[in-house]
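Features as listed in TrEMBL:
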- Thr183: active site, nucleophile (ACT_SITE)
- Arg211, Ile212, Gly213, Asp214, Thr233, Gly234, Lys235, Gly236: substrate binding site (BINDING)
Amino acid sequence: MVGWAIALHGGAGDIPMDLPDERRIPRETALRHCLDLGVSALKSGRHPLDVTELVVRELENHPDFNAGKGSVLTTQGTVEMEASIMDGKTKRCGAVSGLTTVVNPISVARLVMEKTPHIYLGFDGAEAFATAHGVETVESSHFVTPENIARLKQAKEFNRVQLDYTAPTPKLPEVSGDSQIGTVGCVAVDSAGNLASATSTGGYVNKMVGRIGDTPVIGAGTYANHLCAVSATGKGEYIIRATVAREVAALMEYKGLSLTEAAAYAVEQSGPRGCCGLVAVSANGEVAMPYNTTGMFRACATEDGYTEVAIWPKN
């Protein structure tokens, strides 16, 4: 039975179970708000591409998530934002990297999909394209929040090279409990079985300038076809190696697995524990939100009335 469904995430990572209320509640409230926004859009008949872009824009505008306004800082104290979007029926997609002044990178990704013969634009070219199409931009200082300055200071103090995940990662009290490898994303399917996926991120704290993660890589952080739509989050190098988002679709298509089985297997095989999470919906309205991290900021709703907003495993 076909029905609409939506799922979204605000990043997966080492999210302690004792996350203080002042850090937990704003994120849960934002997830619930974005979920309500997406559900309303689906109910009003908007295409899943519009719905996923709308929801991710809202997540980009929230400073507590690592995308848009809340993007974490590179080793030079700058932001380099990434995003991608994909339509399941046509497999048309668009992606951007290295944005420094764009308020909503996900909308630039969609413009790349719709207004160019290409899929992926990066850095100066992507910035110039955004400006040429009248996308809202601001001074790059807009994205440099006090919390992200503190996160970068912490990473530098512990000489934390973000690609070396065997290194200890002590936390300072003032930034404890924040998902520092987070991403935001949304997947949706309408009652006609149209699917779409959208993902956006600021990357890693203290990442090298010019580093590109999984978020804008079609098939890694984002994928949608006629069977499912997937948005991944976590340690991008592992997600790229495992082509996690495409893996879910492939397991469904070639192995005949259900969405739940395929999503769980893709996360399990993505790498060591603590590296990956994803949200996915299928063409017939199923939802899956597996992760192998401590927690994942996530929410979903389906046409049959099921709703969930959560961070850690359900009891």
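The backbone N, Cα and C atoms fix where each Cβ goes, glycine too.
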Binding-site residues: Arg211, Lys235 - member with fewest neighbouring CB atoms within 10 Å: Arg211
Residue pair the residue listed as 'active site, nucleophile', Thr233 (substrate binding site) - Cα distance, angstrom, rounded: 6
CB within-chain contacts under 8 A for Gly236 (substrate binding site), separation at least 6: Gly203, Tyr204, Gly213, Asp214, Thr215, Ala220, Gly221
Among Gly213, Gly234, which are binding-site residues, the residue with the most C-beta atoms within 10 angstroms of its C-beta: Gly234
Residues satisfying Cβ distance under 8 Å from Ile212 (substrate binding site), sequence separation of at least 6: Glu82, Ser97, Gly98, Gly122
C-beta crowding around the residue listed as 'active site, nucleophile', within 10 angstroms: 35
Candidates Asp214, Thr233: member of the binding-site residues with the richest Cβ shell (10 Å): Thr233
Max pairwise CA distance, angstrom, over record-listed substrate binders Arg211, Ile212, Gly213, Asp214, Thr233, Gly234, Lys235, Gly236: 16
